[in-house]
Amino acid sequence: MSGTSPDLLETLPQFLLVSSQHQHAPEGPPYLPHGAILGQIPSPIPDIPISSVLIAFFVLSATLTVTIFQLNLRRGHKFVLSALLFGLSMARIMANVLRIAWAVHNDNTRLVIAASIFANAGMLLLFVVNLILLQRVVSAYHPQLGWSKAFGWVFRLLYSGIASSLVMVVVSVVYSYYTLDPHIQSQLRCIRLVTAVYLAVLAFLPIPGVIVTLLLSRSSLIDYFGQGTMRTKVVLLLFTSVLLSLGACFRAGGAFIQRPTEDPGWFNSKAAYYCFNYVIELVVVFTYALSRFDRRFHIPNGSKGPGDYSNGGPGGMLGQQSTDEETHSKGDDDEPSTEQQTPIKNITNENA
């Protein structure tokens, strides 16, 4: 070593240090997630059996909702909300298929990204459904308020916020896998926290909305719509809103509390993940489908003002209601009250 250059001896330890650091550095991007996540990293057992069962249930819900939608469409009974439930079911099927693939290939970061996107996207459709149902309930109890331009613009802003939240969640989730910068990661986390809180508020909104609607004094008769009593419609909306609020608050709380991978919280467990997400959504979808909310919450096509619900649409054309026999079918819970029939009788007398 007597002939070795002193400069080479000085640079050799530094070269070895840099080489060692490079070996431990992440190979990405994209990078695998750091810290405990909701549902944790899936594994073949128990995630594959659980996800397989959930896929079977969501296939059943997709079949049920699309069948109801198609049968109604053939009768001239357009009810787009059934199609939204079908879309949710298909998104959840894809989410669980990707989770199974993730359980088999834990090191495939792009697969992890796709699974994360589908896990966060589907639930938004249920929030849209409940907001639409809330609009119909308010318009029935308080037609002047429900059909006002200001009230309509409020809901347009809420729907726009849902679309914006979806975009922000997808972008922040994808971007987080492509950077290790702590400042950027902190900003992306702030975006996810804001969207989580906003969606939790939206999930909860129908509950105070219905309560206020029932407490406000009415200046006119209820503008009845669909099949069944208004009490049943209100109970269905409140029940599903409570469940969706529970799931949304769970996700928001889990987003605020960060735990290390080696010490996850109870909310990071797989049981909590499946129950507060997929099980709640299945209960909501089957509750709506089996209770035939496509009949209970159906409104005449083209309704755009006070009285259009009970009068069969704009202009009070009674013949327009004949295309929807389900709306007028009678049973113990489905017979319209005297108040419901009053607007129709008045119009009939005026035309006579």
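Backbone N, Cα and C define each Cβ position, glycine as well.
The transmembrane segment annotation in TrEMBL covers 48-69 (among others). Counting same-chain residues at least six beyond the ends of the transmembrane segment (48-69), those with a Cβ under 8 angstroms from any Cβ of the stretch are 42, 79, 82-83, 85-86, 89-90, 92-93, 96-97, 99-100, 103-104, 270, 274, 278, 282, 285-286, 289, 292, 294.
The feature transmembrane segment is assigned by TrEMBL to 81-105 (among others). Beyond its flanks by at least six residues, the transmembrane segment (81-105) meets 41-44, 47-48, 51-52, 54-55, 58-59, 61-62, 65-66, 68-69, 72, 111-112, 114-115, 118-119, 121-123, 125-126, 128-129, 132-133, 278, 281, 285, 288-289, 293-294, 297 of its own chain at Cβ-Cβ distances under 8 Å.
Within the chain carrying the transmembrane segment (111-133), a Cβ under 8 angstroms from the stretch's Cβ atoms is held by residues 30, 32-33, 39, 81, 84-85, 87-88, 91-92, 94-95, 98-99, 101-102, 105, 155, 158-159, 162, 165-166, 169-170, 173-174, 177, 199, 202-203, 205-206, 233, 237, 240-241, 244, 247-248, 277, 281, 284-285, 288, 293, 297, all 6 or more beyond its ends. If you look up TrEMBL, you'll see 111-133 (among others) marked as transmembrane segment.
The transmembrane segment feature in TrEMBL is assigned to 153-175 (among others).
As annotated by TrEMBL, transmembrane segment applies to 195-216 (among others).
Annotation source TrEMBL lists transmembrane segment at 236-259 (among others). With a cut-off of 8 Å between Cβ atoms, the residues of this chain six or more beyond the transmembrane segment (236-259) that come close are 35-36, 38, 123, 126-127, 130, 133-134, 137, 189, 192-193, 196-197, 199-200, 202-207, 210, 265, 267-268, 272, 276-277, 280-281, 283-284, 287-288, 291, 293, 296.
If you look up TrEMBL, you'll see 271-290 (among others) marked as transmembrane segment. Tertiary proximity for the transmembrane segment (271-290) is limited to same-chain residues at least six positions away from its ends with a CB under 8 Å from its CB atoms, namely 38-40, 50, 54, 57-58, 61, 64-65, 68, 81-82, 85, 88-89, 92, 96, 119, 122-123, 126, 129, 236, 239-240, 243-244, 246-247, 250-251.
Taken from TrEMBL, the feature region 'Disordered' covers 303-352.
The annotation compositional bias 'Polar residues' is assigned in TrEMBL to 338-352.
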